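Some notes on the structure that comes next.
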Amino acid sequence: MTQDELDQLAINTIRTLSIDAVQQAKSGHPGTPMALAPLVYTLWNRILNFDPKDPIWPGRDRFVLSNGHASMLLWSMLFLTRTQAVNADYENLGKPSVTLDDIRRFRQIDSKAPGHPEYHWVSGVETTTGPLGQGIATSVGMAIARKWLASRYNKPGFDLFDYNVYAICGDGCLMEGVGSEAASLAGHLQLDDLCWIYDNNHITIEGKTSITFTEDVAARFLAYRWNVLRVGDANDLTRIEDALDVFRKTTDRPTLIILDSHIGYGAPHKVDTAAAHGEPLGDDEVKLAKRAYGWPEDAKFLVPDGVMDTFDKGIGARGAEARRRWETLFADYRKQFPDLATEIDQMQKRELPKGWDRNLPSFKADPKGIAGRDASGEVLNVLAQNIPWFLGGSADLGSSNKTTLKFAGAGDFEPGSPGGRNFHFGIREHAMAAIVNGMSLSKLRAFGATFFIFSDYARPAIRLSALMELPTILVFTHDAMGDGEDGPTHQPVEQLVSLRAIPGLVVLRPADANEVVEAYRYILQLRHQPAVMALSRQPLPTFDRARYASAAGVARGAYVMADAPGGPPEIILIASGSEVTLIVEAHEALLAKGVRSRVVSMPSWDIFEHQPQSYREEVLPPSVKTRLAVEQASALGWERYVGDQGRVMGMKAFGASAPLKELQRKFGFEPDKVVAAALEMLGRK
Ligand SMILES: Cc1ncc(C[n+]2csc(CCOP(=O)(O)OP(=O)(O)O)c2C)c(N)n1
Ligand SMILES: [Mg+2]
């Protein structure tokens, strides 16, 4: 067979595997894989530096399928290239990542060919996609990380980090706001290691894009300062390859390749119809498509001889050679720069360097205290000095979030200074969270920051951090009504409970400066979980830890801070963040009245839920049923801790615009109110 024939055979294998898998599953999107098979084939087999034998080798090119509904493209490629599986500890399992059997069981339980690409479930998937726009936004984080890594670790003759990041996207990704936010920042940052390929098929689920999407995409991206290329025929491998070559020669800007395609290419009746979406083609159409590809009409899941061999000789050989070169280079590098090499090793395994927590501050008791955000700022500055690859920034609120890294040499990450540790995401919270995911996928320890209320703007990407099990960090300040005069638009109410509802996300709302330190100490040791910090804007008293229990209790999610002498508690007061001060004051007042109350500081539901039952019952003894929770946020969910005989002092409506003191009075967050509620519950009014 000629090379052209082999190319076509491989492309049609991708197409027919996709068709058969969707047909068998009776769900999925066959049309886009049929159209994009030539693109993916060209990119993978001719360009991509990816070694299927080691899908996590640090020098590899990254491939992101942002139109995740076309997942069969990826499952076909991972199977046909014999990509190997690795586990969560980054060990090679010596077996394929995706098998033909998985593809036969596309979208079925436990199959390694699920509905959408899932990082951490299938090796070789660089990021989870499906929610449109997330993949391309995340790819910007990968390209940023590559620049940063190159700046710190590349040395003359040692281009360790010089890979490219490719993302395929459709109309949906380019319609979504997060895609625009990310594209704007990528243009500003001149990310010339980034290439998006836009499947310009003029169709989405409801029909032609003429009903919704008539902007000039090329002009938009030119305005973002991208290089824009066009390939008028999605079946022309040479032109695809040429465009990718132009990308690789382009400096100072990212590249968008607009690829004109026909969804469902080869299926004569469903071409250009929305029916190529979200449903199988049907038996007749499958036959017609296979006939058009010169395929045996009745064959299913057919992988003709020579196809896997074509991939072995293409991406397999090239990837293996590239990795071998890289490993030799890295071995020499290790001799010359042993400390930097150790950093790279540690980073790859998400380990922390020795001494990562040295010099963490310890705050003295102080009734005036300091704001959560200020304590956080001090901690971030220490951590960033101890951990070279700990970095991040804010969505234009760095001075309010106190996330600025101020030590000598910290610097700003900008086009001319890719080694900077301070990132400026601009007012693009959603893209920020997706970019932080991309940085984390590239093994940097990255954080993003904004006001807590705007966590809503970032939420879809935070959810993906949790789904992907990435140790990202979100620093959210102005955690409750401390925002005061800014009013209800800026005062979080439902954000805490909404983030607590995300599985695997560690949400922490520390009560004083020492709890902030302990919260970061806990978070930094996470390797597979993201964390959210909810920090106060206003100063919070620093508790006297000789009098109250040590803040180290943060590591257990909740802990007893104070008890009354003379017997078991009559009532348990529970709070997080700024309201811990409130219940401590109430506790002291109750003590003076001869009431035995217990103070429980509960910075994290999630961490507490993971403690053994014995510990949980130690903190919240089942026999003590009179319980009062106080939190300046939606009361929803607290029932689980106060029980049906308990009470919650929370927010039942939005806040208001006024100085904080007046808001505390209006909404009842004052020590007297807590004392009165406790006495009433105990029948001692
Ligand atoms: C955020 C988000 N909204 C909606 C969907 C549901 N959805 C899946 S595919 C699709 C159409 C996508 O159109 P396009 O990106 O042009 O891809 P094509 O149909 O051309 O493959 C939609 C709306 C989604 N996956 N993510
Ligand atoms: Mg489309």
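Heads up, the Cβ atoms here are built off N, Cα and C, so glycines get one too.
Pulled from TrEMBL:
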type     : residues                                                      : note
BINDING  : His29, His277, Arg373, Ser400, His478, Asp486, His490, Arg537 : substrate binding site
SITE     : His29                                                         : site 'Important for catalytic activity'
BINDING  : His69, Gly130, Pro131, Leu132, Gly172, Asn201, His277, Phe454 : thiamine diphosphate binding site
BINDING  : Asp171, Asn201, Ile203                                        : Mg(2+) binding site
SITE     : His277                                                        : site 'Important for catalytic activity'
DOMAIN   : 370-542                                                       : domain 'Transketolase-like pyrimidine-binding'
ACT_SITE : Glu429                                                        : active site, proton donor
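Here the features listed in TrEMBL are painted onto the structure.
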| residue | record | Cβ within 10 Å |
| --- | --- | --- |
| His29 | substrate binding site | 24 |
| Gly130 | thiamine diphosphate binding site | 19 |
| Pro131 | thiamine diphosphate binding site | 20 |
| Asp171 | Mg(2+) binding site | 21 |
| Gly172 | thiamine diphosphate binding site | 20 |
| Asn201 | thiamine diphosphate binding site | 25 |
| His478 | substrate binding site | 28 |
| Asp486 | substrate binding site | 16 |
| His490 | substrate binding site | 19 |
| Arg537 | substrate binding site | 26 |
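Nothing from the binding-site residues Gly130, Leu132, Ser400 places its Cα within 10 Å of the Cα belonging to Ile203 (Mg(2+) binding site). In the predicted structure, the domain 'Transketolase-like pyrimidine-binding' (370-542) carries a mean pLDDT of 97. Taking the C-alpha positions, the distance from His69 (thiamine diphosphate binding site) to His29 (substrate binding site) comes to 6 Å. Spatially, by CA atoms, the recorded positions His29, Ser400, Glu429, His478, Arg537 include one closest to Asn201 (thiamine diphosphate binding site), and that is His29. Cα-Cα distance from Phe454 (thiamine diphosphate binding site) to His478 (substrate binding site): 10 Å (rounded to the nearest whole number). Residues Asp171, Asn201, Ile203 make up the record's Mg(2+) site, and a Cβ search at 8 Å around their centroid adds Gly170, Asp199, Asn200, His202, Thr204, Lys208, Thr209, Ile263 from the same chain. Its own atom aside, the Cβ of Leu132 (thiamine diphosphate binding site) has 22 Cβ atoms within 10 angstroms in the protein chains shown. For Leu132 (thiamine diphosphate binding site), the nearest neighbour among the binding-site residues His29, Ser400, His478, Arg537, judged by Cα separation, is His29. His29 (substrate binding site) and Gly130 (thiamine diphosphate binding site) are 12 Å apart (CA-CA, integer value). Applying an 8 A CB threshold to same-chain residues 6+ apart, the list for Arg373 (substrate binding site) reads Ser400, Asn401, Lys402, Thr477, His478, Leu535, Ser536, Arg537. Close to ligand 1, meaning a Cβ under 6 Å from one of its atoms, is not one of the recorded positions Arg373, Ser400, Glu429, Phe454, Asp486. For Glu429 (active site, proton donor), the same-chain residues 6+ apart in sequence whose C-beta sits under 8 angstroms from its C-beta are Ala395, Gly448, Thr450, Phe454, Ser455, Tyr457, Ala458.
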